[in-house]
Structure formats: structure tokens, C-alpha cells
Amino acid sequence: GQPLAPRRLSLKPVPKLPNMEAFLREAQVKVKKQARGCLAPELCFQAVRAATESAFAEGLRRERELFRVLLTSGQARALQYAFFAERAVTRWATPAGASWSSAAPQPVRRAAVIGLGTMGRGIVTSLVKASIPVVALEQDLENLNKGRKAVMLLLEREATKMEGGAQTLDFHNPARLQFTVDFDLLRDIDLVIEAVFENMALKKEIFHKLSRICKPGALLCTNTSALNIDEIASATSRPQQVIGTHFFSPAHVMRLLEIIYGRHTSPTAIATAMQLAKAMKKVGVVVGNCFGFVGNRMMFPYVQQAVFLLEEGSSPEVVDQVLEDFGFKIGPFRMSDLAGLDVGWRSRQEQGLTGPSLPAGTPARQRHGQRYSPLPDLLCEQGRFGQKSGQGWYRYDRAGGRRATPDPWLHSFLSQYRDTHGIQTRCIDQEEILERCLFPLINEGFAILAEGIASGPEHLD
């Protein structure tokens, strides 16, 4: 029996919360922290704030104004570019004339992963999530049990995030996931991913074994971050089946999968690796073979400059903060700690840049006539490998811990190091940190394009 007068929601006043101002302030801090340099979330927040403070028509006008700011911003253009670049990389081509339009993938019904270190565990998890049955292989029972425990923990975590939970992953079923030390179980596998640590002799030994055991059509993949694909392939009787699949750490989270073809890699092998990336919901990017490929080759000068900045007076937390405020998800030092400092150290030892094979009398801060910083090597010699050992560029509450806190030990270590080498420290501003880290990254990108290692700028980006 009540009158049905017009009830337009837009004419009703917005109910006031008693602690509105405090609530909004708190929300703004949260948004700023999550948005990390991205404009849109912050302006969305401002639009919501306008709704609480003014009449409907005024709120709409403010929203339009904010939208126009976003529409004409450099960030909008960059995000549109990123959106299309991600789609452009599926259309791959090689200088030899192989391309996405003419190469067909082989089906991958069963896969195997060799090595259950940090990378291997993440790769096994990714395959299980993609519903591809996996055989996980280790060299001995001790490492196998350690790896199995870690993989199960990762999968339990992933299952809780998924709708339908563990039933959908079904990882307790040996037909879906099997752990073994027996290479003979790889006889009828369609695709093997080797994920042992970066040592050429070890990788060649494994590939020699695989080419004897695996069926003729099986694809042999190496998760190397820098080593020569052709040299690894030379240990097999089927170099056309060998391809690099470089996952990024942590492998079950990072969406990038770098696919590296060698001199003999067949178009079918490239197409199959790209299909695998798609099945794992990763962005596969096809690139050529050179030291560090594209991802790590661009990372080297970027991280190198970050370390030079420490030598000259900055600190890991300051450099990371500047790059994270700029928009990187994670700064170079937190990234190194996450990936493990020992990975780069092993690679530098293989190259003869540090360790026992370094010629006597080599200046501490020079290699091949170029500036070099031994700081990361010195940290590794102290057993500081990053998160895995509980200390690296930062300190962690325990080995395997995630929360990085600045380490007073490291600060005094840096100041001793500067004294030893007579380095004058100075105040380094944000602009210099940004430019010195980003310009080498960009320059390296141009060099990679010029050499034809990547077929287009979208592949680099």
C-alpha cells in the first residue's frame, strides 16, 4: 500500500560510514602497494572516492575526466602494445624459413622431467596442472624423496587455489605422476625435459643416454638458461629432436617459456614446444641460440649495473625499491635471491670468470679488459645463495624463507669491500639507478635484434 514514487538509485544519498576517511586512506595505501606504478587502479580508487563525496552527476563527470587521463596516457598505449605483442609471438619464424604456418606439432601424451631441483619441481607441477602425465626422474633415492616431498607440497598448494581442488589434479595417481630413478621408464615418453644444473658435461652425458633410450620420435628438451643448444645436441644421434625450453623461476608461476632452436632443430620440434607452452598456459617465445639466449642475455648487463651501483655506494634495498616503484614486480637483488646466486656463480666458473680456472694475477675487478664485480662470487664463497640458504643479498627468517629483510652483515661487508678496493662512495639518486639499469637492458635488446637472434621487437618485450 505504499506509493511507488520514482526510486532511481542515482538519486539516493550514499550511506556514510562512521570511519569513512580512515577506511578510504587505508584502501588507498593498499591499492598503491598492489598497483606498483600502474595508473589505472589508483584512478579507479579516485573514482570510487568521488562517488562517496559528491552527487551522482558530479561523480560521473569526475569518472569521465579520470578515464580521459587514462585513455591518453603512455601506460594505455604500452598495455595495448603488450596485449598484441603477446599474441604476435605465437606467429614464430626462423631465418631458415620454418614458421608457425607450415609446421605441425606432435602430440605429447606423456612427458618426463629429469632433475628435481628448484626448476625441475616447478616444471613437474606445471605439467601436472596441464593434465599431462609425468615421469619425474632423479639420480638417487635420497634426491628423489626430497624432490617428491617438495613437488607434493607445491601441488597441494596449487590444488587449494583451483576450483574442484585436488580431484582435478589427481596427482596421487601413479598413472598421472610417477617418481623414479630408472631411466628405462623413459622408453615410451613423447617429450623429456632435462632440468639438472648448468654443467655442460653433465647435460651431454644425459642427452647421450636419452638418445639411446628414448623412442625415435621423442622430443629432447633442455631447461638451460645459457648453455649452447648445438653442443648439447651434439651428444645425441638426433640433433633435429633437441630443443631448449628455458623456464623462468619459479617455473610453475612464471608465464614466460623461452624456446630455443639449434642449428639442426626441426620445425616440428619448435611447433611441439610451442604447443606445450600453450597447454601449460605459458607464453612461448621462439628465439635463436647464443650465450644466455634473450632472457638472460638481457638480464646480464642489467644485473651487472645493479651490482656496480652497490660498489659505488648504493644498497640492494635502495636499488630494488627504485626499480619496483618504476613498475618491475621484483628488483634485481630480490630476483637473484629467489633464483639462487649459485646458478650464476656456477655459470661464471664454467666461463672461467671466477674460481680455480681463473689465471693467477687477474685483476679482481677486471675481466677481458672490461669492468667486472666479484661481489656475487664473494657472497657465494660465504655460502650465501639467496632464499635457499636463508641469506644472500638479503636475510631471510630461515632457509627457504620468502621474507627479505635488509642485512646489516651485508652492509658492513660492502663497506669493507669498498675500503679494500679504494672505492670512493657517493650519493646515487633514483634517476641514475633507473637509467643505469634500464639503458643497458634496452641496448642489449637492440644488439639481439641486429644479430637476428629474435625475429621481432615483440619477442624481446
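Using the three backbone atoms N, Cα and C, a Cβ is placed for every residue, glycine included.
What TrEMBL says about this one:
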type	residues	note
DOMAIN	111-289	domain '3-hydroxyacyl-CoA dehydrogenase NAD binding'
DOMAIN	292-396	domain '3-hydroxyacyl-CoA dehydrogenase C-terminal'
REGION	350-369	region 'Disordered'
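Within its own chain, the region 'Disordered' (350-369) is flanked in space by residues 198-200, 377, 421, which lie at least six positions past its ends and keep a Cβ under 8 Å from the stretch. Note: the domain '3-hydroxyacyl-CoA dehydrogenase C-terminal' (292-396) comprises 56 helix, 7 strand, 42 coil (DSSP; helix = H, G, I, strand = E, B). In the predicted model, the domain '3-hydroxyacyl-CoA dehydrogenase NAD binding' (111-289) has a mean pLDDT of 94.
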